[in-house]
Amino acid sequence: MTVGLQIAIDGPASAGKSTVAKQVAKQLHYTYCDTGAMYRALTLAALRAKVNLTDESAVLAILKTLQIQFKPGSPQQRVFIGEQEVTQAIRQPEVTNNVSTVAALAGVRRQLVRQQQQIAQQGSIVMDGRDIGTAVLPQAQVKIFLVASVAERARRRYQENVHKGIDTPLATLQKEIEIRDQKDSTRKVSPLTQAKDAVRVDTTALSIDQVVAKIIAITNEKQKDHK
Ligand code: CDP
Ligand code: CDP
């Protein structure tokens, strides 16, 4: 019998992680888990409760009662807090610009990492985030570190916003991405960093399909050793 692998995809903001992770999962019939959505849902709940986002015990009290659920959806996976859909709300600029503060809290990471490990334990999973290959699934058979130039990543976000009717200047988007990457890369607990055994894929000049094909090829190679 073929045993499903764990595929960890990490990288900076807007490198294409969730788009390609979702496609890879679809083609391989694997489960997809967007760990960023978990940090975003918690940030949204904390903002709504008006707690100080650096107050770890206040944020942990919110996390304790938070029921995050994923449901299949297109083009995005749908995200719920309890019965309430928050798929769009967690992508709002206020959440995007505050999520790195919440994600830097050690206690928050401990709990969300545990939940993510439970989700991944059966294998046949594609998980994307910042610390999947280094902290959540250090034993993952496939580790990918996706990068692209910051100008290209800002351009992609800009294009995405145009489709949604959001009018944020390109320079503002690039600045926001740079600030978030800086915070994610310099936090004390499991900062964004490439795992030693991860394959680095620069997507600046690659299409989504090319990146997906590359990851599937790497996975198929690993699968041969993992029967
Ligand atoms: O899709 P995008 O690159 O905008 O970000 P995301 O994957 O939705 O993640 C949002 C934020 O959550 C990141 O900027 C990190 O601060 C945090 N995050 C994290 O710390 N660890 C993860 N495994 C995933 C996300
Ligand atoms: O999850 P992450 O923040 O890393 O990025 P994403 O939300 O998957 O991708 C950001 C945007 O870049 C999306 O609009 C993708 O369609 C686009 N993209 C692209 O144009 N070319 C790629 N090779 C990958 C993503």
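The backbone N, Cα and C atoms fix where each Cβ goes, glycine too.
Because TrEMBL annotations are produced automatically, they should be read as predictions rather than curated entries.
What TrEMBL records for GLY11, PRO12, ALA13, SER14, ALA15, GLY16, LYS17, SER18, THR19 is ATP binding site. Classification of ALA15 (ATP binding site) by DSSP places it in coil, neither helical nor stranded.
Along the domain 'Cytidylate kinase' (7-219), the predicted structure has mean pLDDT 96. If you look up TrEMBL, you'll see 7-219 marked as domain 'Cytidylate kinase'.
In this structure, of the binding-site residues ALA13, ALA15, the smallest number of CB atoms within 10 A of the CB marks ALA13.
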